[in-house]
Amino acid sequence: MLAELGFIRTIGENDEVPVEPESDSGDEEEEGPIVLGRKQKALQKNRSADFNPDFVFTEKEGMYDGSWALADVMSQLKKKRAATTLDEKIEKVRKRRKAEDKEAKSGKVEEKEGQADSDLKGQENPGEDEAGSKDEDSETDYSSEDEEILTKADTLKVKEKKKKKKGQAAGGFFEDASEYDKSLSFQDMNLSRPLLKAITAMGFKQPTPIQKACIPVGLLGKDICACAATGTGKTAAFALPVLERLIYKPRQAAVTRVLVLVPTRELGIQVHSVTKQLAQFCSITTCLAVGGLDVKSQEAALRAAPDILIATPGRLIDHLHNCPSFHLSSIEVLILDEADRMLDEYFEEQMKEIIRMCSHHRQTMLFSATMTDEVKDLASVSLKNPVRIFVNSNTDVAPFLRQEFIRIRPNREGDREAIVAALLMRTFTDHVMLFTQTKKQAHRMHILLGLLGLQVGELHGNLSQTQRLEALRRFKDEQIDILVATDVAARGLDIEGVKTVINFTMPNTVKHYVHRVGRTARAGRAGRSVSLVGEEERKMLKEIVKAAKAPVKARILPQDVILKFRDKIEKLEKDVYAVLQLEAEEKEMQQSEAQIDTAQRLLAKGKETADQEPERSWFQTKEERKKEKIAKALQEFDLALRGKKKRKKFMKDAKKKGEMTAEERSQFEILKAQMFAERLAKRNRRTKRARAMPEDEPTGPAKKQKQQQKSVFDEELTNTSKKALKQYRAGPSFEERKQSGLPRQRRGNFKSKSRYKRKK
């Protein structure tokens with residue numbers, strides 16, 4: 001009856017309901033069939049036939065507004081001459097290659113059918129070439145045999161932990177070191193109404209563990225030394241108590257009261273964005289002073305004395321020495337975010353200089369994901385009676401992260417590029433971050449993946465600030481699917497929606513690995529990391545498997561798939577070289593144009609007026625900066641690596657050849673990581689200095705000492721045991737006499753009789 005009227009009927013007691021079988025997570029499982037890129041596009045087209053393609057939701061999904069406060073930052077960027085982008089160059093080379101391939105194919109046809117017939121066909125159908133080129137652009141050239149190979153599924157195996165031997169105790173590094181009220185909510189923290197309104201507007205429901213522990217202590221005005229895993233909301237943990245303090249105690253004069261130091265420009269922009277959103281309903285002003293942005297506009301903003309200044313150490317020192325009205329004597333709160341990273345880089349001397357110039361009567365908050373010896377030294381110098389907050393272990397990965405590893409066989413290091421290309425074209429097609437060890441390899445991977453037809457961006461130190469922000473914006477807005485980055489993007493950046501992190505090589509240390517994979521599975525979301533592990537990196541893999549709480553998977557790609565992609569990359573080597581040549585030509589053109597511009601400017605102004613412009617001063621001389629850079633650089637001339645004949649020979653051979661092979665490139669990436677690990681091991685072997693803060697490493701179990709029973713008057717009188725009588729007859733012991741101040745017992749003048757003497 002209900003079915004006839006078009007209603008959905010209810011399920012009866014005797015009706016059987018088909019239940020979908022749950023996915024079995026056994027020791028070995030095979031993923032579903034691979035769907036290639038062009039088939040996915042065709043499926044998407046068929047699905048969207050019923051819907052209007054121009055329809056857009058008015059509200060974006062996410063925790064808070066997607067604008068990311070980039071508009072005002074982009075306006076401060078240094079305006080440079082517009083040049084062709086790398087993607088345009090890649091597209092140009094791709095079109096040229098397709099045209100050459102088409103000519104080669106048409107040449108074969110001409111040999112068979114005759115030149116005259118082909119000419120006639122060309123005259124009759126002049127529009128065929130354009131249509132064909134469009135079809136080729138939309139589809140990748142895969143034959144039926146190739147599709148059979150490329151659609152083979154990968155195999156996943158569970159990597160078992162090795163059982164611990166008896167006597168090996170697990171180290172409890174920072175675990176359960178801090179206690180906090182787990183039922184605490186934002187409403188219970190006594191925050192002002194404007195802040196609670198901003199928290200609600202940003203979509204925060206419950207505070208994270210680090211926020212529950214830090215915000216109440218920060219509101220008391222105490223110094224904080226906090227250590228928590230990456231992606232746990234440290235920015236809001238220090239921003240909320242600072243904003244509450246500024247609202248509660250308004251400023252009397254126009255001075256900057258809060259300084260936030262960050263290691264990278266991108267992290268600075270992110271902290272500035274979050275702070276601005278938290279302060280949107282109050283009159284607190286913020287300013288961003290990082291490298292790459294216009295110096296003059298920053299100086300103008302600093303003269304207005306903003307309440308909160310977010311800066312990188314280098315640009316801050318530049319302003320302190322060259323902006324007369326700007327100083328740090330009025331700073332009430334100093335925040336050091338990602339302190340371990342700042343001391344890893346070349347910021348050590350700069351950090352000391354900034355702390356020296358800050359006000360002594362200040363509250364200091366030090367936040368770090370890892371607690372290294374350098375961070376402890378910095379804490380002992382900058383903090384006064386700090387409250388130590390360690391929420392969880394710094395070697396913990398996110399709880400919902402699925403870790404996968406791909407083994408690289410011995411003498412097959414050159415397969416890394418082919419494996420990454422296979423993963424990105426077959427399995428992980430969007431919202432992917434690919435980490436490399438060097439800037440050169442990141443740039444090469446961008447070109448290579450671009451030539452394979454993928455939407456790629458890159459993020460590393462060789463790019464200008466405009467290019468960095470543009471890459472981040474495009475990745476966030478889903479204009480590009482893959483972001484190739486070095487460790488510059490491995491810390492603190494909260495890029496929403498990252499599904500997969502791929503490691504081209506294993507990073508320097510386990511801590512760096514934790515930071516890299518921390519870009520995904522953030523704030524309770526699920527994510528996946530895939531790392532390529534060679535024979536030289538097996539030791540680190542064992543450490544990661546040992547520390548993992550969830551089972552770790554081993555992914556196995558079919559060998560014929562790897563060979564197919566390896567052949568494909570070998571064919572693209574000429575195109576990669578062509579793109580690099582175009583870049584080199586453009587760079588030379590820009591340099592010559594810049595020289596002409598400077599010459600014209602000098603002629604227009606006159607040499608005298610040009611010389612009158614004051615040079616920007618710095619707290620170190622050029623020679624001191626050069627020495628510091630060489631001392632910390634990981635190059636063949638590094639003092640720590642002298643005598644390593646193998647490595648020096650490898651570097652020399654690579655320089656002689658000029659262009660390295662795929663295996664040599666992979667070897668160079670691993671070599672860089674090993675160099676860093678070696679330096680770290682040397683640093684750890686140094687004798688440790690005495691610190692103001694107590695050590696956090698757990699000491700060994702103390703031996704239990706037997707407690708001596710105190711002398712009791714009535715017990716001594718009533719105790720008639722053999723031992724008690726013996727002690728009573730012997731009288732007080734030497735210690736008892738000493739404590740009570742009795743004179744020592746004098747020995748008598750007893751002499752043994754001659755009969756007891758030994759006979760000679």
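Note that Cβ sites are derived from N, Cα and C of the backbone, with glycine treated the same way.
Because the structure is a prediction, the values reported are computed rather than measured.
Listed in Swiss-Prot for this protein:
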BINDING   A228, A229, T230, G231, T232, G233, K234, T235  ATP binding site
COMPBIAS  13-32  compositional bias 'Acidic residues'
COMPBIAS  126-148  compositional bias 'Acidic residues'
DOMAIN    215-389  domain 'Helicase ATP-binding'
MOD_RES   S23  phosphoserine
MOD_RES   S25  phosphoserine
MOD_RES   S48  phosphoserine
MOD_RES   S133  phosphoserine
MOD_RES   S144  phosphoserine
MOTIF     157-166  motif 'Nuclear localization signal'
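Here the binding-site residues are G231, G233, and the one whose Cβ sees the fewest other Cβ atoms within 10 Å is G233. All chains included, 27 other C-beta atoms sit within 10 angstroms of the C-beta of A228 (ATP binding site). When other Cβ atoms within 10 Å of the Cβ of K234 (ATP binding site) are tallied across all protein chains shown, the result is 27.
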